[in-house]
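As given in Swiss-Prot:
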type    : residues                                              : note
BINDING : Gly9, Pro10, Thr11, Ala12, Val13, Gly14, Lys15, Thr16 : ATP binding site
BINDING : Thr11, Ala12, Val13, Gly14, Lys15, Thr16              : substrate binding site
REGION  : 34-37                                                 : region 'Interaction with substrate tRNA'
SITE    : Thr100                                                : site 'Interaction with substrate tRNA'
SITE    : Arg123                                                : site 'Interaction with substrate tRNA'
Amino acid sequence: MKKLFILAGPTAVGKTDISIEVAKKIDGEIISADSMQIYKYMNIGSAKITKGEMQEIPHYLIDIIDPKENFNVSRYKNLAEKTIEDIYSRNKFPMLVGGTGLYINSLICNYDFTDAKVDVNYRNYLENLAKVQGREYVHSLLKDIDAVSYERLYPNDLKRVVRALEVHKLTGKTIGEFNSKDSLYDIPYKIYYFVLNMDRVKLYERINKRVDLMIEQGLIDEVKNLRSMGYTKDMQSMKGIGYKELIRYLEGDISLDEAVYLIKKGSRNYAKRQLTWFRKDERVIWVNKDEFTSNKEIVNYIINTLVTC
């Protein structure tokens, strides 16, 4: 089975430096799993890695999408899978690095982003059947094909009843089998999934300092430039943290101090949500940075863990 290394963690925890050092040791090439770094021109606000910071380690899925485009997880999965195969073809170790949990899960969970698991016509048929013969009748259809759902779901819970029937028609599986962890983790990779974390107070301090640094580096001018290029607040890309707040400032809706406050608050809340997301996956190997004295120690721990896995 092909190997896939993952290094994730909340914003500002310090994934970049560690990923570079790991890549040097395992002959790795890095695929970004960041929903903002994928956009062109949005460099400061996304904390996009620079050429110098890459230290000649190849990086992919950075700076490739125009900000006017709507980009989704299905497109990401498609691009990332092709990139992984390309890296394998050169006998290198693919490394997925970033903090966008949904992007990561698109590759390490058995998600289906096609319409193959949806049958709109059958769904409409069942909903019409419920109107004609009653919800109890539609619910009774579960009895012989999915006894567990039949007992668990009430007839009035039509949406879930219909979904259970639809899944069985399309897959031959009960909804429980379809959603099982065995099915969810049925992927073509052997994964090594590390998530960095640190004391929350320290993390929030790092986030606040990073936002201040972004302002010093010219984030306001970056947003002004994006607007002059025709990118508007209604676009998906411009709704990212740091961009939407500064647009409000430039439009005169809030002061700069208020904008910076909101960016810091939004970033801290995002970090909290990221950690909640990563905790849901039992495959994660947690790396608490507070338990190490240096990044070198962390890298050595990761490498030693890779060897023993």
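Heads up, the Cβ atoms here are built off N, Cα and C, so glycines get one too.
In the three-state DSSP scheme, Val13 (ATP binding site) is classed as coil. Cβ environment of Lys15 (ATP binding site): Leu7, Ala8, Gly9, Val97, Gly98, Gly99, Leu196 lie under 8 Å away, each six or more residues apart in the same chain. Listed binding-site residues: Gly9, Pro10, Gly14; maximum Cβ neighbour count within 10 Å falls on Pro10. Residue counts of the region 'Interaction with substrate tRNA' (34-37) by helix, strand and coil are 0 helix, 0 strand, 4 coil (DSSP-based).
Apart from Gly9, Pro10, Thr11, Ala12, Val13, Gly14, Lys15, Thr16, the ATP site neighbourhood in this chain, defined by C-beta within 8 angstroms of the site C-beta centre, holds Gly99, Leu196. Report note: the substrate site is defined by Thr11, Ala12, Val13, Gly14, Lys15, Thr16, and the residues of the same chain whose CB lies within 8 Å of the CB centroid of those residues, excluding them, are Gly9, Pro10, Ala47, Gly99, Leu196, Arg206. Mean pLDDT for the region 'Interaction with substrate tRNA' (34-37) in this predicted model: 98.
Here Thr100 (site 'Interaction with substrate tRNA') is positioned 15 angstrom away from Gly14 (ATP binding site), judged by their C-alpha atoms. There are 16 other CB atoms within 10 A of the CB of Arg123 (site 'Interaction with substrate tRNA'), with all protein chains counted. With respect to Thr100 (site 'Interaction with substrate tRNA'), the closest of these binding-site residues in Cα terms is Pro10, chosen from Pro10, Ala12, Thr16.
In this structure, the CA atom of Pro10 (ATP binding site) is 39 Å away from the CA atom of Arg123 (site 'Interaction with substrate tRNA').
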